[in-house]
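A.B. asks: Here TrEMBL flags GLU214, CYS248 as active site. For 3-429, the entry in TrEMBL reads domain 'Aldehyde dehydrogenase'.
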Amino acid sequence: MMSTEQTINDIFAAQKQWFQAGNTRDITVRMAALRKLRQVILDNKPAIYAALESDLGKTPEIVDLAEIGAVVEEIDSMLAGLPEWSKDQVFPLEGTLAGSQGRIRAEPYGVSYVIGPFNYPFNLTLTPLAGIIAAGNTAILKPSEATPATSAVIRQVIEQAFPAQYVAVVEGARQENEWLLAKPFDFIFFTGSPGVGKVVMKAAAEQLAPVVLELGGKCPVVVMEDADIPQLVERICFAKYLNSGQTCVAPDYLLVPESLQTEVTRQLKQALDNMQGQNIGKVVSERQIDKLAGYLSRTGGQVISGGSFDKATRQFAPTVVSHVGWEDALMQEEIFGPILPVLSYRDLNECRENIVRYHDKPLALYVFSCDTTRALEFISTVQSGDAQINDALSHVLSTQLPFGGIGPSGMGKYHGKASFDTCSHQRSVRTVTLS
């Protein structure tokens, strides 16, 4: 159901009034809201399963892991930590202001706007909401129009869990987003492409509103000479082809030493040949299928496994392309699909220089090596949002690890306590005791 500009204006005004009346300040109110959201999500599991299968071909097992499970785990971390996180930090001041007291108080920003993506539409719309509620804000959510069934079920969940003056859903596309971005939000959380992220940041600048941008980029996998190749292949295949490669932290390309290229590609081909016919989910649209097929038609590399697709069912086979160069069609932008280019390198200095030169500051960097010290040294010389050694993608499942990008891959961190901190204004208060 599309929303009119007047509807949006009314929702925003109601939330502003609700917030200013202090209705979200009490910690017990926030915790009750989180518990209600958790329960409503669990009550609606069949509808959520059906929506995500319709939109993206996701199995219940993947939904439990990467959609519902991720949101519930984030809510649980808020419920466990909020009583402590929300306490004022009180301490005696030193130096020039010795004799007085300081405190740091985590306070809500106000009315928030969450723009959700299509790839994990339930998770990446509602996980930010958990931190926003925990911090005492209200929220308007706009799920992705590219996943209409999930957008509808998100609306259903939110309407069952909250009054509209607390949390509301606006469904729609570009026009609705433009209307929303024109409102003076106090905090904006966007997950999506760098191009739209720039539009969001420009709009936030007009209001001088804090903004979190969770973007993407080409996440490299660096394979060192001592890597465990069978383990590498197993973990990269899961991380790359989950959700048909439509994950912002999915491995985008593989960098292998020249001496290992033949063996790594052989084992990748064997693994992918065994995967053909498996359900890895649907590509989001026929337009994206065309884009992926276009990469393969223009690549100078060799397709060693996969490459087939069916536009009618939106299926694209897990694909590996070997002997790819840095100027190749596959290396111009984030692929966001089940195609893995394999590039070779002579030494780590060359590898490092090319990552920085062509695709600097990715959302994630993955290094596979049995020498942790050496892997950490490499990570310290290549900037990225986050990094992993001997695994890929799975770091996003932890509420103990702040997640987010840097530079073109985004700004701002969330998950667990980082969500609460990001969605809160840290207010300093000094108290002078009068004698």
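Any Cβ shown, glycine's included, is placed from N, Cα and C.
Any TrEMBL annotation is an automated prediction that lacks curation.
Quick caveat, the model's predicted, so the values are computed rather than measured.
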A.B. asks: Hey, how far is CYS248 (active site) from GLU214 (active site), Cα to Cα, in Å?
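C.D. replies: One finds 9 Å between the Cα atoms of these residues.
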A.B. asks: Restricting to the chain of GLU214 (active site) and a gap of 6 or more, list residues whose Cβ falls under 8 Å of its Cβ, or answer none.
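C.D. replies: Once residues fewer than 6 apart are set aside, GLU214 (active site) is near LEU124, PHE189, PHE190, THR191, GLY192, CYS248, PHE403, GLY404, GLY405, GLY410, GLY412, TYR414.
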A.B. asks: Including all protein chains shown, what's the count of other C-beta atoms within 10 A of the C-beta of CYS248 (active site)?
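C.D. replies: Within a 10 Å radius of the Cβ of CYS248 (active site) lie 28 other Cβ atoms.
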A.B. asks: For GLU214 (active site), just give me the three-state DSSP call.
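C.D. replies: Once the DSSP labels are grouped into three classes, GLU214 (active site) ends up as strand.
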